[in-house]
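First, the structure itself, so that you have it in front of you.
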Amino acid sequence: MGVSSGASESLLPRAGGDGSLAMVIASTGVAVLGSFVFGVSIGYSAPTQSKIREDLQLSLSEYSVFGSIITIGAMIGAVASGHLADISGRKGAMRTSALVCIVGWLAIFFAQGAVSLDFGRFCTGFGVGVFSYVVPVFIAEIAPKALRGGLTTLNQLLVCTGLSVTYIVGTMVTWRMLVIAGLVPSIILIVGLSFITESPRWLAKVGRQKEFEIALQRLRGKDADVSIEASEIKEFIETIENLPKAGVQDLFNRAYIRPVIVGVGLMVFQQFVGINGILFYASETFVSAGFASGDLGTILMGCIQAPITAVGALLMDRSGRRPLLLISTSGLLIGSLMSAVSFYLKIHGLFLEQVPIIALAGILVYIASYSIGMGAVPWVIMSEIFPINIKGIGGSFVTLVNWSGSWAVSFAFNFFMSWSSSGTFFLFALVCAVAILFIVKIVPETKGKTLEEIQASMNSST
């Protein structure tokens with residue numbers, strides 16, 4: 001659920017000297033290992049496409065299944081994520097996710113055909129479906145409000161780092177050896193979870209009062225006065241608990257419809273700007289643009305994602321969420337149009353020597369723009385807008401929408417590119433334009449507010 005109150009934030013400078021943020025930083029560091037695995041899982045198919053197809057003699061349609069089946073697993077993981085996190089706790093959900101990912105990576109490593117390959121991909125998909133909900137929620141629930149945006153953005157930073165490692169290392173090692181990039185951090189995550197605290201708000205929600213007080217004190221520092229924050233958390237949870245237990249149908253009640261619209265809308269636009277089609281099939285896209293190989297493009301993509309996501313993390317609690325989203329979607333619009341123009345010129349035999357450069361520049365502008373805002377901010381906002389009584393079911397629903405869109409884009413991308421490469425990117429540009437209007441009209445600014453304040457303001461506006 002939430003973070004510190006305004007009063008507890010005022011204690012932060014005094015408590016900071018005794019290392020009060022050490023547990024927050026350590027807990028965040030462990031949690032985002034799941035985000036790294038998420039990135040590796042998403043990026044795995046980009047540098048390995050031609051190698052896997054050649055080694056296992058897969059057709060394009062068979063490989064499209066491999067490329068997209070991760071999203072089927074992720075959709076199921078998304079459905080389970082909220083309930084799993086509510087029943088077993090945030091740590092329990094991350095532990096389960098990591099174990100399933102380990103099974104998946106081992107299946108891919110030992111795969112001899114499409115069936116075992118797809119099973120492994122499905123398992124890693126289930127894992128990242130859970131991670132994509134639980135990691136940002138866990139970080140938002142343990143972080144002081146002044147740092148919540150930046151710390152939550154570390155989720156996307158590690159996703160991008162995982163992508164970057166996969167893109168770069170994947171051009172140098174076999175596709176089986178690349179499995180290690182996902183397998184090792186999954187194992188480290190399971191070990192690390194034994195040394196960090198559970199979310200205090202989840203502990204309070206399930207009535208584990210003593211553990212709640214200990215966890216909150218560990219997160220804020222041994223000398224910090226957490227009585228006001230603890231009281232506000234308990235009071236808010238007691239108020240929420242007096243409400244009827246929420247079901248899926250309650251998401252569409254007047255009281256919750258605005259956070260649902262904001263969460264679903266951002267996730268729809270995050271996917272339908274085309275990101276997973278480009279990430280999953282980057283290598284083939286560069287080849288179709290005129291490059292002899294996709295290695296240069298995928299390496300450059302890998303090199304820019306993590307640094308620019310880090311810039312976005314630094315700006316998150318300074319500039320706010322909405323400005324980053326608007327800058328990001330505007331850049332996505334420009335990058336999509338550049339890519340569309342490059343393919344249009346190629347189709348019509350115009351400026352053929354310049355076409356690969358325009359395509360590369362367009363995709364790099366696109367990736368940079370996505371990394372600075374649209375990749376991270378929707379997950380940050382998702383972790384902030386739902387009250388705790390519907391956080392599990394609301395978060396699961398929004399995450400399911402995200403992965404459903406991811407599946408649709410990743411599965412259809414190759415077929416759309418076969419239909420019209422320029423038309424595909426013109427469609428992405430149109431989605432970007434609509435996304436800008438949605439952000440301007442609908443999305444609230446959540447910078448500098450406690451989760452309780454955000455949720456109260458969302459309710460008052462319905």
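First residue shown is number 1, and so on along the chain.
The backbone N, Cα and C atoms fix where each Cβ goes, glycine too.
Straight out of TrEMBL:
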type	residues	note
TRANSMEM	21-44	transmembrane segment
DOMAIN	27-447	domain 'Major facilitator superfamily (MFS) profile'
TRANSMEM	64-84	transmembrane segment
TRANSMEM	96-113	transmembrane segment
TRANSMEM	119-139	transmembrane segment
TRANSMEM	175-196	transmembrane segment
TRANSMEM	260-281	transmembrane segment
TRANSMEM	296-316	transmembrane segment
TRANSMEM	323-345	transmembrane segment
TRANSMEM	357-381	transmembrane segment
TRANSMEM	393-417	transmembrane segment
TRANSMEM	423-443	transmembrane segment
Quickly jot the same-chain residues contacting the transmembrane segment (260-281) by Cβ under 8 Å, restricted to those at least six beyond its ends, or write none.
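Sequence-remote neighbours of the transmembrane segment (260-281) are 42-43, 45-46, 49, 67-68, 71, 163, 251-252, 325, 329, 332, 336, 363, 366-367, 370, 374-375, 377-378, 381-382, 385-386, 394, 397-399, 401-402, 405-406, 408-410, 412-414, 416-417, 424-425, 427-428, 431-432, 434-435, 438, 442-444, 458.
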Could you pull out which residues elsewhere in the chain have a CB under 8 Å from any CB of the transmembrane segment (21-44), counting only those six or more residues past its ends?
70, 94, 97-98, 101, 124-125, 127-128, 131-132, 134-135, 138-139, 142-144, 147, 151, 154-167, 170, 178, 181-182, 185-186, 188-189, 192-193, 195-197, 218-219, 221, 276, 279-280
Counting only residues 6 or more past its boundaries, what in the same chain has a CB within less than 8 Å of a CB in the transmembrane segment (96-113)?
34, 37, 41, 56, 73, 77, 84, 88, 119-128, 130-131, 134, 176, 179, 182-183, 186-187, 189-190, 193
Would you mind listing the long-range same-chain contacts of the transmembrane segment (119-139), meaning Cβ under 8 Å and 6+ residues beyond its ends?
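The answer is 27-28, 31-32, 34-35, 37-38, 41-42, 44, 66, 69-82, 84-85, 90-91, 93-94, 96-98, 100-101, 103-109, 111, 148, 151-152, 154-155, 182, 186, 199, 379-380, 382-383, 391, 395-396, 399, 402-403.
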Could you tell me what the rest of the chain brings near the transmembrane segment (64-84), counting residues at least six beyond its ends with Cβ under 8 Å?
41-42, 45, 49, 52, 58, 92-93, 96-97, 104, 114, 117-118, 121-134, 276, 280-281, 391-397, 399-400, 402-404, 406-407, 410-411, 414-415
